Every structure is written in structure tokens, then in C-alpha cells.
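The transmembrane segment annotation in TrEMBL covers 81-102, 130-151, 181-199, 242-265, 277-299, 329-353, 442-461, 467-489, 501-525, 531-552. The annotation domain 'CBS' is assigned in TrEMBL to 696-754.
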């Protein structure tokens, strides 16, 4: 599909008539234009590697495990619990930091703008206030976007798709680095203060994961510091389990929902699960929400009153005032349908927008300009809506943080301003809890419409920001509108309380956009502090998911697909039983002999065209003609460590090797193994031999070539493999199955389709 020449042509610039290009976008995937990055969703990128979730059980590993006695194993287990506690505490503290800084900076901004507006309302010239507001927003967002675009592009967006991929077993470059965490936290603060239609909840999940990955390794590669603790955990298996705990701690700090966090890790993330892991993850989540709660309570000056378990609190929903009756169930289901349709619309718009961004806005400077544009437009839209709104409400008895009077009578405030002139979290809580009659239906309708498009345009910008809160806000607005119209129809009967419908609308909209079911139900239940609503929320989310999936897939899955990540779902495609391992596998396989020339190894590793990461090891008998049987599997990273330490047969015979290599040498090189180009091998050393017997994994997983695709898929997915060797009936290697070979097959509209691979 993509020729090499089209990649060479990207560098040249030419001016493009934009209108013509947009027309072209609608008709077909456009012809390769010189200044656009060719991109097609029917591709899988080859730049993503798999994680080695499966331990290599070579002789070194077995010797070490046999040396460890029962007491040492207990120490390791205690260390795991300690790490989980530290993950919880640090994630909670990061959440506190974000919350306090955002509250102060946003408060400062809104006070400045409010004083300015009050001043100019009296003497005319409100356009200055608009300019001030837009400039403040754009400049704050500019800083937030600059650091993301130029320092760490992985920190853009909510980070949930990236963490989902990491837990699925895909190694996304830089995703769990310390630098990413710093940029993420600063970026979130700046984009929320900059008044974009974003939330600070989604990025907490990414932050928690980075913290987990960092602590569990006991060192920082970015700071070049090694603390010499937790060395046992320096491998993908352990790191990945801790990252799922970090993601759960992030959710629980964001929503005050520890159980929801565990279920989020289970539903969205971890491909591998066991009882002990669940219990440790729950522990980390609890610690995280408790830390956040205690620190924020002290900060708000009531140290003993633990009243803020998460970054967003929906406030208490009282069952007496807000129960529901059996005849409301169909109404809730209908709201779920609406949420599913609106969510699908949101995703479809965002899909086209992201495709456009990938093609044309791929230069960092353009991305920063776009982010500033969105910030200025958001401020302008908010200002114009507040200016044109004639919806006045009495101030007394209402809890508005920054009441704007504008053209209302004295003692009244503009009710559109409560929605726009506030951080999104506060607006959500207002929509849930303000007494009936606080909002004009016209106000809510206009707000929903504008905010829908703003949120859709904002998601996918080069800033760190989550999509949770904007979708809750859109849903709460149209849900409240729905509730108000219901009470009109039923002549104001008691059960049509707008707050309850705002909650259901919020659930429906969020479910329609991200399509999470189990964890989202529990998160909503924990955030409202009310179990009564469990059943209606579940119904609403199920309906929204079923309806939405009929049109397009969820937002996160869509972005994973747009980045061409080889993501493995829970099951193989339904109609794939006709395919066998022989048709799926990659051939030819580069095999190594058990005692191999060093020169051969170096040449194979330096070969950029193949760039394999796992090599089957076969018996070395040069005298016979037939292909030798499979003896084991060795990884590129292990070979590099062997070459670096020059573990050659000849040197061992001359006793030049000081000591035997230990597993520690492999762990110290993890996770950034040096590239083969940096290892110098002299001409004489190329003639030496290297013995792979004690370093290779002598029992790799194999499948016969007749095995069906679902069977291969199940084995690969359930054990988290990176390489699966395909053998014939004489145990000779005929092929190798890796993640890309399985992720290539997808169920499309017409049935099973095969994606092509590209070196993007």
C-alpha cells in the first residue's frame, strides 16, 4: 500500500489548496501528497515491540530460583506490599498537588476576569474583558502545549489508550518515564487552568502508572540514579503487574472509587490476573484515596473530617428525596439510547478530526498554534454565550463561586456563567445538585450544543487532558434538560427531579463515549455515595454501550487503532477458525546454532532489514544435511549482554572471563539495552565461538503448524507471550508467531480482514 518513494517525498514541501484536500478527504483516502504524512487505519505499525511477560527459564534463572529459600521468598512478597503502599501514597500526593495548584491558579484567573467584567459592565467596553479572558487562556495553554509538543509528545491526551496498550503487552516508547510524569502533571494543570473543555481525571491514571513503574524498579534511568533496591523486580513481568496497580490507584484518586479502580484495571487493562494481584491492587487503591482524602482535608482546614475522597466529588445523593420508581426504568433506558447515539457521534467526529490532525498538523509548532486557537475560541464562545444569555437567578441561597452580574438586576446573577465561568468539575456538581428551577431550558440546550463540539475539538490536541469530565458535563446538561421537560409534561410531579436525570444523562454520555461497563457503574456508584442508583446506572451504561457499538467503537479503542498499535483483544476474531498457524506465521526464521560464531551473531543482530528480537536455537551438527531440531529460544537483549561481557568459549578456556555471568547482569541492563551498533567486536573476536546453552530458554512454547488461529491466539494472549515457535512433526522450526501476526486479523464490516504492516 505504501511505497518507499512516498516516504522519501514527505520531506519536500509544496503548497496545498486546503479546500481541494478537504473535498478529497470526503471521497477517498487521498492520493499521497508530498507534505502530508501518509496514514491509513488499515495498517499496523512495526515500531511497537512486545513486552516479555513470560520469564525466560534458562539455567541462570533456575539456579537463582533454587538458591532462594522460603524466607527470602517471604521478603520478596513483603517488598511487593511495600511497593504497592508507596504507589498509593505517591499517587495520592500527586493528585493533591494537581488539585491544589489548579484550584488556586483557576481561582486567581476567574477573580481577575470577574473584576474586569464588573468594572467594564458599568462603563461599557466589554470587548476588553473578552480580550483579557481569551489572552489569559491562550497563553496558559500555549505553555502547556509547548512542553508536551517539544519535550514529551507521549504525554498528550489522557494517556489511557497508552496505558491500555502497555498492560496489553505493547511496549510504547517513553510511556512510563519520569520525564513523561513531570510533563503530564504540569500539562494537566496548565490545560485545566487554561479553561479548555478538559478534566484532570484521565491523566491521573497515566500518572499512577508511571509512578508504579518507577518505584518498582528502584531506580530512575532518566536521572541516572540507581538506588540498589527492588532489583528482583527488574523485568517486564513484575513491572507490568505494578503498572496495573498504579493505574487502579490513579482511578481511585481521581474519583474516590477504590473498587472502581480495581475493576478498571481488570476491565480495560490487565491481560493477566490472579487473586494475590487483585488484593494488592485493591490495597494500593485504598491507600491512594485515603492519602488524597487526608491531605485535602488538612488543606481545607478540617483535619478530622474526611470528606473529599477523590478529585471529583458528585456530592451526596439522598435516597429519600431522590428515589426512583419502577415506571422510570424505561425512561432511563431511553436515556441510555440517546447517550449511545450522542457518544457515537462524538467518536465519529473525533475520528475524522484525528485523521485530519495526523495528516496535516504533525509539526509541533502547528500543534501549539492549534491548541492556542482552541483555547481562545473556548473563551470567546463562553463569553458570547454569557453575554447573550438573559437567564437571571437570585443570588441568595445559591452557592455560586464567581457570580457574574452583567446585565441582571442587583441581587441576581447570570446562570449561564455558572456553567462556563467555572472549572468543569464544579459545573458538573452544580448541574447535579442545584435546586429545580435554577436553569432555563434554553440555557442548558445552548450549553450542551456548544460544549459538545468544544469537547470533541479539544480531545486529541497536543495537551495533557482527560475526556471524563467533559463527557460527564455534556451528559449532565442534557440530562437535566430532559428532567425539566419531563416535569413540564407531568405537571411538576414529585419524581421528576432534574438532578437525578442529570446523573443518568452523565452516565449515558460517558458510557457512550468510552464504552466501559463494569468499572464505570461502580465508579459512578462510589462517586455518588449511593448504592440505590446501581441498577439504573447499570442499565443506562449497558444500553449506551450496545447502541454505541452498533455505530463505531469506543474512543480509546479508536485512538489505539489510529496509532496502528498491534493490540490483542480478549478473543480471536469469530470467523478465524479456517486459518492455521502455517498461514499466520512469519517465515523464514533466523535460527542460531547452540554453539555459534560471534561474527554470525553480530551480523544477524546488525541486519536492519529483519530486526528480529527472538531467535530459535537449534542443535549444531554440521556434518548432517537435515535441519536440526529446536533446542531453545534466545532474545536479542540477552545476546547483546553476552557480546558486551564478551562471554566467548575461547576466553573461558583461557580463563580470561573473570566470573560467570549472573542474572543480575541482565537485570542491570534492563530496560534500555544498548543497541548492537554501540558494541565493538574486533576482527579476531569475530572468529571466536559463543555457547548459548546456559542463557537460552530451553523450553519455549511451541505449536504445531496445523493449529487453528483461535488456539494459537488463546495460548499467546493468556500467557502474554512475545514469541511462539511453530514446528513441524520432526520438531524442526518452520515459522514464528509474534504479536503482529495475530493482531493483523480483524473483523471488519465484510468479515475477516487482514491489515498490512508498515514501518511507520
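Heads up, the Cβ atoms here are built off N, Cα and C, so glycines get one too.
Contacts between the transmembrane segment (531-552) and the transmembrane segment (81-102): absent, as fewer than 3 C-beta pairs lie under 8 angstroms at sequence separation of six or more.
With a cut-off of 8 Å on Cβ pairs spaced 6 or more residues apart, the transmembrane segment (467-489) and the transmembrane segment (181-199) reach 3 or more such pairs and are scored as touching. The transmembrane segment (277-299) is not in contact with the transmembrane segment (501-525), judged by fewer than 3 CB-CB distances under 8 Å for residue pairs 6 or more apart in sequence. Contact between the transmembrane segment (442-461) and the transmembrane segment (242-265) is not supported: fewer than 3 Cβ pairs lie under 8 Å, counting only residues 6 or more apart in sequence. By number of Cβ pairs under 8 Å, the transmembrane segment (130-151) is matched best by 181-199 from the list 81-102, 181-199, 242-265, 329-353, 501-525. Counting only same-chain residues 6+ beyond the ends of the transmembrane segment (329-353), those with a CB under 8 A from a CB of the stretch are 25, 452-453, 455-457, 459-460, 471, 474-475, 478-479, 482, 486, 501, 504-505, 507-513, 515, 536, 539-548, 550-555, 558, 562. Highest Cβ pair count under 8 Å relative to the transmembrane segment (81-102), across stretches 181-199, 242-265, 501-525: 242-265. Remote same-chain partners of the transmembrane segment (501-525), defined as residues 6 or more beyond its termini with a Cβ less than 8 Å from a stretch Cβ, comprise 251, 255, 257, 259-261, 263-264, 266-268, 314, 317, 332, 335-336, 338-344, 346-347, 428, 431-432, 467-468, 471-480, 482-483, 486, 531, 533-534, 536-538, 540-545, 547-549, 553-557.
Tertiary proximity for the transmembrane segment (242-265) is limited to same-chain residues at least six positions away from its ends with a CB under 8 Å from its CB atoms, namely 83-84, 87-88, 91-92, 94-95, 163, 166-167, 176, 200-202, 204-213, 215-216, 233, 277-278, 280-282, 284-289, 291-293, 308-313, 468, 516, 518-520, 522-523, 525-527. In the predicted model, the domain 'CBS' (696-754) has a mean pLDDT of 88.
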